[in-house]
Amino acid sequence: MAVGLQKLVHYKRIVIKIGSALLVDPQTGLRAEWLKSLISDVANLHQKGVEILLVSSGAIALGRTLLRLPKGALKLEESQACAALGQIELAKTYSDTLAQYGLKTGQILLTLFDTEERRRYLNARATINVLLRFGAVPVINENDTVATSEIRYGDNDRLAARVATMMGADLLILLSDIDGLYTKSPHRDPTAEFIPFIASITSDIEKMADVAHSELSRGGMKTKLDAGKIANSAGTAMIITSGKRMNPLAAIDRGERGSFFAAGEKPVNAWKTWISGHLDPSGILMIDQGAVKALESGKSLLAAGVVAIEGRFNRGDTVAIVDTNGVEIARGLVSYGKDESVRIMGRKSEEIESILGYEARSAMVHRNDMVLRCLTDSA
């Protein structure tokens, strides 16, 4: 068993991400027997009181297989048409397979806007909570039929992490075609070393990410590490393990290889959980070392500590706060739009009113609207 990982039955709520390459064979379509073995594991955990949420890729891959489309990249509208065709087949298969074990399922299709906009986020969370209360197994996917490049997650690793943080899951399982994190790509370099335990995702860990993509999957190791950072920021543990074997959840409990990412400290409230999980900040505030120390001690970010600003944002948008080396220190909701922020950056709080012409907040990002990232630099 991966270092730090408990038996799955000891977790109260688990999100499981299933990759396209595991679920869909490009020649034959759905891997029905493999899926049945996974659902058998899910049913076993469900019977023991563990709440399971499935984040399933595969709609586009299944659709293009059903249409017998040739290899190669698809146009956006072609991908969306494949998703429309594949999603209905995928939902039916999940429903039929879960029903064999006496379980019901509910389909949830999300776009990025559904988790980044607060009201929609709360509504999605409430709906999924009711499904769980009814004893159903939610099956969640990105709504590929309508999502454009501007409002898409881009991969289901990040979607799964966002769902895990939104739902307060104890554990996120990424079932992949690789059994964990390596120092290098094991497919290309035989000297690659396996890493069983990751205390925090540092810059050195991120350098190990394999950015390779396949036609059936939009993800790679980089997106899995992105998912790990999202999960970590909300106090959710994560494991990356191979899903190629039958009964992949039982395999985890048997001790098959996987990389375990320790959970970070949970945010103090639901508001900060929502902020911490934002995937695409609208802008970046670069701050000096004095401001870094102030944030670490629990203070708000003042304009005086800001040395550079990037992006386009309005008041209330999410921004990333980075040090002068570009390392993200925190994420929060900014008190000013881009133009006003540029005018007051580097200035003392008592100067802001005279610069802007009205009485304004002294904090560019208030501590109540901010979540610190993990600042350690050792794995």
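Placed from the backbone N, Cα and C atoms, the Cβ positions cover glycine too.
Note that the coordinates shown come from a computational prediction; the quantities given were computed from them, not determined experimentally.
ATP is bound by SER176, ASP177 in Swiss-Prot, and the record lists one more residue there from LYS17, LYS36, LYS48, which is LYS17. Note on the domain 'PUA' (282-359): DSSP counts are 26 helix, 24 strand, 28 coil. Looking at ASP144, ASP177, the binding-site residues in this record, the fewest other C-beta atoms within 10 angstroms of the C-beta turn up around ASP177. Across the fold, the C-alpha of LYS17 (ATP binding site) and the C-alpha of ASN156 (substrate binding site) stand 7 Å from each other. Just so you know, the Cβ of ASN156 (substrate binding site) picks up 26 other Cβ atoms within 10 Å once every protein chain is counted.
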